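Enquirer: Have a look at this one before I ask anything.
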């Protein structure tokens with residue numbers, strides 16, 4: 001008990017310090033967590049040692065993270081892109097496994113060990129990618145959805161390998177057994193969806209009707225943990241079961257309430273997971289065999305990016321999105337660490353191959369948040385260096401024919417509640433405009449309202465150029481996340497200095513960051529709602545219209561200068 005308490009105190013203190021320093025230095029929080037783990041781990045501070053308590057805390061974090069990722073995705077969209085999961089995920093996993101497994105075999109690994117090393121190097125970190133993409137507001141973009149599809153395939157493919165590890169270690173023919181495991185896992189996941197959906201819905205509906213907010217929160221966490229436990233009991237990774245539970249509840253009316261309630265717990269536990277990753281990084285091995293570590297790191301980052309880009313292009317993804325997805329996937333993952341460590345423990349993977357590979361995987365995971373954050377800039381730089389023109393995807397061009405004759409029109413980016421209100425106002429005023437959305441549900445809602453909506457990624461300059469942004473009168477950005485908004489507004493201001501730019505911001509920090517771009521009209525959502533409420537209140541109490549206009553004109557000026 002005392003050991004667990006001491007470990008918890010050290011981990012939470014490290015997480016708090018890392019989060020604060022990262023926010024001040026403007027670097028990815030995940031990188032700070034991993035570095036904090038290195039500092040408090042056996043390589044430097046020796047405050048925490050790897051063990052069962054640490055593993056348990058980190059597993060809870062991954063379970064909660066995968067559950068919230070499932071909440072943000074749509075079953076309808078995943079089903080519509082099922083061939084992308086199979087094609088993009090299958091090609092990336094197959095090409096990576098063959099390439100990396102071949103290298104391990106040439107280095108002296110047995111065929112069965114080479115299979116395991118190839119699979120370990122081919123997979124990426126679902127936890128890192130999901131957290132970083134969510135922080136950047138890119139989970140619902142085309143490259144974000146494709147990356148999640150590849151990661152989902154990797155998780156499904158890795159689970160039977162873990163189950164078949166004893167067979168690989170005993171040098172028996174494990175191919176048939178692995179195939180059987182894949183079919184078994186898919187069947188179990190299907191049963192969980194069919195049986196679990198009514199149970200999850202009815203349980204939360206009963207608690208929502210009869211319980212307090214605390215009861216709803218506890219019931220949500222309990223259902224997630226029960227689903228993860230059942231998955232583990234049936235031989236499936238608990239995180240994968242939690243992901244399926246998130247997908248199921250993501251289609252319910254409770255989705256947003258669950259997401260808001262569970263987020264603080266998820267962020268805390270996910271932070272502990274990444275600190276644990278840093279704790280497991282043994283820096284002594286880097287100094288003992290630096291060339292081997294550098295060799296594997298070279299394979300895991302630049303070579304893996306090239307292999308992933310080829311696979312995504314073969315899966316009919318556009319050049320830009322294939323490049324973005326490849327950089328997002330260009331690192332090792334926690335399942336890779338697990339496979340290699342189990343292979344060494346089973347004494348069928350030589351430590352001379354396995355140990356440097358483990359260190360390289362851990363280092364690549366530390367670099368992953370930076371690569372994911374800068375993926376768009378890196379891809380644009382590569383395309384400019386090779387002088388390759390980049391155009392919007394073919395599916396984004398569908399419906400853009402109506403923009404060819406538009407002049408002095410308005411482009412509204414984001415068909416959420418705010419975007420739909422702006423579009424309806426423009427429609428009633430008779431002003432030509434186009435509305436953009438990447439998510440399927442808001443797209444359908446806007447379509448049902450008769451709004452001129454296009455299913456396209458408006459966070460990309462090429463998409464807006466295809467919609468005639470050079471002829472537009474203004475661009476309105478109403479993205480839920482501020483980072484995609486910041487990127488597109490910065491690109492538009494640089495490319496079109498005289499274009500009117502209007503943006504909404506959900507927080508004061510987001511508003512301040514958008515205002516740094518220069519000459520952007522930023523509206524804080526809460527301030528706008530507050531002003532509207534105050535105006536209605538003053539009208540109800542009988543304040544004259546002339547005094548009302550003077551008062552609110554003064555208030556707007558004061559709020560903009562604060």
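Yeah, the Cβs are placed from backbone N, Cα and C, and that goes for glycine too.
Quick paste from TrEMBL:
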- 6-23: transmembrane segment (TRANSMEM)
- 30-48: transmembrane segment (TRANSMEM)
- 54-73: transmembrane segment (TRANSMEM)
- 85-107: transmembrane segment (TRANSMEM)
- 113-134: transmembrane segment (TRANSMEM)
- 146-168: transmembrane segment (TRANSMEM)
- 174-195: transmembrane segment (TRANSMEM)
- 215-233: transmembrane segment (TRANSMEM)
- 293-314: transmembrane segment (TRANSMEM)
- 326-346: transmembrane segment (TRANSMEM)
- 352-372: transmembrane segment (TRANSMEM)
- 407-523: domain 'RCK N-terminal' (DOMAIN)
Enquirer: Please list the DSSP helix, strand and coil residue counts for the domain 'RCK N-terminal' (407-523).
Expert: 52 helix, 25 strand, 40 coil
Enquirer: Is the transmembrane segment (215-233) packed against any residues at least 6 beyond its ends, judged by a Cβ distance under 8 Å, and which are they?
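Expert: Distant contacts of the transmembrane segment (215-233): 63-64, 67, 188, 192, 196, 200, 203-204, 207-208, 239-242, 244-246, 254, 257-258, 261-262, 265.
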Enquirer: Check for me, if you would, whether the transmembrane segment (352-372) reaches the transmembrane segment (6-23) - at least 3 Cβ pairs under 8 Å, residues 6 or more apart in sequence.
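Expert: Judged by the Cβ rule, the two regions do not touch, with the required three close pairs absent.
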Enquirer: Which residues of the chain, 6 or more past the ends of the transmembrane segment (6-23), have a CB below 8 A from one of its CBs?
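Expert: Non-local partners: 29, 31-33, 35-37, 39-40, 47-48, 53-54, 57, 268, 271-272, 275.
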Enquirer: Hey, which bits of the same chain come close to the transmembrane segment (293-314), Cβ under 8 Å, at least six residues off its ends?
Expert: 87-88, 91-92, 94-96, 99-100, 103, 121-122, 146, 150, 285-286, 321-323, 325-327, 329-332, 356-357, 359-361, 363-364, 367, 371
